[in-house]
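Student: What follows is a single structure, and I will ask about it in a moment.
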Amino acid sequence: MADNKPELQRGLEARHIELIALGGTIGVGLFMGAASTLKWAGPSVLLAYIIAGLFVFFIMRSMGEMLFLEPVTGSFAVYAHRYMSPFFGYLTAWSYWFMWMAVGISEITAIGVYVQFWFPEMAQWIPALIAVALVALANLAAVRLYGEIEFWFAMIKVTTIIVMIVIGLGVIFFGFGNGGQSIGFSNLTEHGGFFAGGWKGFLTALCIVVASYQGVELIGITAGEAKNPQVTLRSAVGKVLWRILIFYVGAIFVIVTIFPWNEIGSNGSPFVLTFAKIGITAAAGIINFVVLTAALSGCNSGMYSCGRMLYALAKNRQLPAAMAKVSRHGVPVAGVAVSIAILLIGSCLNYIIPNPQRVFVYVYSASVLPGMVPWFVILISQLRFRRAHKAAIASHPFRSILFPWANYVTMAFLICVLIGMYFNEDTRMSLFVGIIFMLAVTAIYKVFGLNRHGKAHKLEE
């Protein structure tokens, strides 16, 4: 008898996938957190974004090579299951789920703060609760509708960044808003020099900058729902990282060139100041709206990922089969519902803890180490993937470059970043939280004998 159970649907086009990845990566960290890294490194933070982007490029090309031959939902978690061991597939899926849950809770916390800009008397838990409801509705819709919602969410902040870069270049080269006098590049070398924070400040900022790229691998999560995945995913992998790199580096370049780096953050958001520079008096309200949608977009992308990770775990028999339930619209409804429920519980922190900054910092920082696990897994899995696909690799149109040396050097770089996090007081606790979480899920794996549950399944053809 044929199995007519609903399955995930391939309803995502290239533009949806690209904007889902952009939406998940470019979050409130760029709009609100630029001042932190500049405080440590000064203008050299530009170099930190470029270096981190280079290594993330190698990671993405490795993932793209595997996605072309095996476009499955769960992506790197499934590859870990197949090419490393069921345990690493399990650990990867839970680590990525935990990362996005932490990011999601921090994003809805931020939403409460942004709404108070217009309604200062409103309790922050109210807009946080409304945000959870909106994200739930978007993620329980058919995947194509979800893709459209996230496309427009992400488009708002992408457009804002582009406009900000264009305005900034006008100020730098043509003196817009500066009496016609071009500002030039003096702010990059004055006020302590390009490496104003020294090498220690640069390396400290580099650790945080690496974390800002987390989310770019969301492309892999969409693989099982992409139309014509070989073409769509190849295009998305090739475009997304370059766009993110341009947006990050372009925005930071404009900010540190227009304003002295040691004044950024003391007079408000650098994005607000850039728009205000050319006389846009409503700049604060505009940017507040943009960061509000940025937070919604980041949370929306995160819940999409969380639902698919729980689905992948259930398919690999590492969660109850009920978690693999798919609605008639092709949505992994059980995984999404559980993730939304925990997000709802997390939103209660906004009621319990009145200081939103404490909630945001504690929760967001806890996501960094679990978010790096998929990167290590992608690089290691590809080493074994190559051996399993020798014949196909010879004619592969999207092979990664500098293999295998790029894999080894990138892993060494990520290890150095983790070591740097330990020696930085601002990030040490987040490292410990990540380690505790990974030890906890490992203990559950052993205690419940999840290693006895079958071998990997091919989720999607």
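Just so you know, glycine gets a Cβ as well, placed from its N, Cα and C.
These numbers come from a predicted model, not from an experiment.
Not my notes, these are from Swiss-Prot:
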TOPO_DOM  1-16  topological domain 'Cytoplasmic'
TRANSMEM  17-37  transmembrane segment
TRANSMEM  40-60  transmembrane segment
TOPO_DOM  61-96  topological domain 'Cytoplasmic'
TRANSMEM  97-117  transmembrane segment
TOPO_DOM  118-122  topological domain 'Periplasmic'
TRANSMEM  123-143  transmembrane segment
TOPO_DOM  144-155  topological domain 'Cytoplasmic'
TRANSMEM  156-176  transmembrane segment
TOPO_DOM  177-200  topological domain 'Periplasmic'
TRANSMEM  201-221  transmembrane segment
TOPO_DOM  222-243  topological domain 'Cytoplasmic'
TRANSMEM  244-264  transmembrane segment
TOPO_DOM  265-277  topological domain 'Periplasmic'
TRANSMEM  278-298  transmembrane segment
TOPO_DOM  299-332  topological domain 'Cytoplasmic'
TRANSMEM  333-353  transmembrane segment
TOPO_DOM  354-359  topological domain 'Periplasmic'
TRANSMEM  360-380  transmembrane segment
TOPO_DOM  381-400  topological domain 'Cytoplasmic'
TRANSMEM  401-421  transmembrane segment
TOPO_DOM  422-429  topological domain 'Periplasmic'
TRANSMEM  430-450  transmembrane segment
TOPO_DOM  451-461  topological domain 'Cytoplasmic'
Student: Give me the mean pLDDT over the topological domain 'Cytoplasmic' (1-16), rounded to a whole number.
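Tutor: That stretch averages a pLDDT of 64.
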Student: If you count every Cβ pair below 8 Å, which range out of 97-117, 123-143, 244-264, 278-298, 430-450 shares the most with the transmembrane segment (156-176)?
Tutor: 244-264
Student: Against the transmembrane segment (278-298), which of these stretches has the most C-beta pairs under 8 Å: 40-60, 123-143, 244-264, 333-353, 430-450?
Tutor: 123-143
Student: For the transmembrane segment (244-264), which partner among 40-60, 97-117, 123-143, 333-353, 430-450 gives the most CB pairs under 8 Å?
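Tutor: Stretch with maximum Cβ contacts: 40-60.
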Student: Do the transmembrane segment (40-60) and the transmembrane segment (123-143) come together with 3 or more C-beta pairs under 8 Å, pairs six or more apart in sequence?
Tutor: no
Student: Counting Cβ pairs under 8 Å to the transmembrane segment (333-353), which of 97-117, 123-143, 430-450 comes out on top?
Tutor: 123-143
Student: Short question: which residues 6 or more past the ends of the topological domain 'Periplasmic' (118-122) have a Cβ under 8 Å from it?
Tutor: 285, 288
Student: Report, as numbers and ranges, every residue of the chain located at least six residues beyond the topological domain 'Cytoplasmic' (144-155) whose Cβ falls under 8 Å of a Cβ in that stretch; write 'none' if there are none.
Tutor: 9, 11-13, 15-17, 19-20, 22-23, 26, 138, 293, 296-297, 300-301, 304, 331
Student: Just give the helix, strand and coil counts over the topological domain 'Cytoplasmic' (222-243), going by DSSP.
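Tutor: DSSP classes over the topological domain 'Cytoplasmic' (222-243) add up to 18 helix, 1 strand, 3 coil.
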Student: In the same chain, which residue numbers or ranges, 6 or more beyond the ends of the topological domain 'Cytoplasmic' (222-243), come under 8 angstroms Cβ to Cβ?
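Tutor: Tertiary neighbours of the topological domain 'Cytoplasmic' (222-243) are 8-14, 16-18, 20-22, 53, 56-57, 60-61, 63-64, 67-68, 71-75, 143, 158, 216, 308, 330, 397-398, 459-460.
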